[in-house]
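Novice: Grabbed the feature section from Swiss-Prot, which reads as follows:
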SITE      THR46  site 'Part of a proton relay during catalysis'
BINDING   THR47, ILE206  pyruvate binding site
SITE      TYR109  site 'Part of a proton relay during catalysis'
ACT_SITE  TYR135  active site, proton donor/acceptor
ACT_SITE  LYS164  active site, schiff-base intermediate with substrate
Amino acid sequence: MEAFVGTGVALITPFKEDLSIDTEALSNLVKYQIENGIEYLVVLGTTAESATLTQDEKELIKKVVKEANAGELPLVLGVGGNNTAGVVEELQIADLDGFDAILSVSPYYNKPTQEGIYRHFEAISKASPLPIILYNVPGRTSSNVLPETINRIARNLKNVIGVKEAAGDIVQAMKMISLVPDDFKVISGDDMITLPMTLAGGKGVISVIGQGLPKEFSNMVRAGLEGKVSEAYQLHYKIAPSIEFIFAEGNPAGIKTLLAKKGIISNTLRLPLVEATETLQSKINSFVDNF
């Protein structure tokens, strides 16, 4: 399959009870993805609790993932921020060996205009030695990258090869798909609307639930890409309750509960994030038991 088509997963960061990085669990998580049909891995994205990691910890995570992956799957590294010059500098000094692309979130908090967003990605596209996937997640950034801006970026910044579209708006996603060149990838960043986006011409997903249910979720996406609509929706409706559960109290509290139930990680987060409530954990555990 073409690179960055199908199911990518935004890896969590497993922690031990003392909140240090659980490298063994991370290695096992990577291997679990490889063995169950995932097409690529995203390292140090939002789901990884990157905001709580030191630079040394980030380098350790990169090392562990690369060693566990052993060249099996393409790797995407999260590099982004709301200081354009800072992102440019990070791209210039970062060890990108072993990575195939960059995932870069649209600037958050300072709420740039569409022109500011365009110029931000223009600057980092010039600095990046790797292809860039833009990440639009207005629920976290407070600014939405509009379809027209995505199209402008797609046509003018050749190093930007796709967008992880996580506005949760299927109409906006379809407009993006209709505007951009055929070789520009519109990738779902919302697990619940991954299938309709894929059937509308999207290229798959960068998923959270996918790392917990890798075989079933990646099979759903492949079925959608192959036009097997009935088969894809059958899987979607089987998986859908888990998607509601894992985001009910924020990410990655829910997916960590699910992965802990499967025995892959310890259910530990760093403040300001906290574990899911006992009520939600019970729902997730019951889902896993009956899946």
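Placed from the backbone N, Cα and C atoms, the Cβ positions cover glycine too.
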Novice: What's the CA to CA span in angstrom from the residue listed as 'active site, schiff-base intermediate with substrate' over to TYR135 (active site, proton donor/acceptor)?
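Specialist: TYR135 (active site, proton donor/acceptor) has its Cα 5 Å from the Cα of the residue listed as 'active site, schiff-base intermediate with substrate'.
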Novice: Let me know how many other Cβ atoms fall within 10 Å of the Cβ of TYR109 (site 'Part of a proton relay during catalysis').
Specialist: 11
Novice: Applying a 10 Å Cβ distance cut-off over all chains shown, what neighbour count does LYS164 (active site, schiff-base intermediate with substrate) have?
Specialist: 26
Novice: Nearest by CA distance to TYR135 (active site, proton donor/acceptor): which of the recorded positions is it, out of THR47, TYR109, ILE206?
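Specialist: Smallest Cα separation from TYR135 (active site, proton donor/acceptor) among THR47, TYR109, ILE206: ILE206.
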Novice: Whole-number Å only: compute the distance from the Cα of TYR109 (site 'Part of a proton relay during catalysis') to the Cα of THR47 (pyruvate binding site).
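Specialist: Cα-Cα distance, TYR109 (site 'Part of a proton relay during catalysis') to THR47 (pyruvate binding site): 18 Å.
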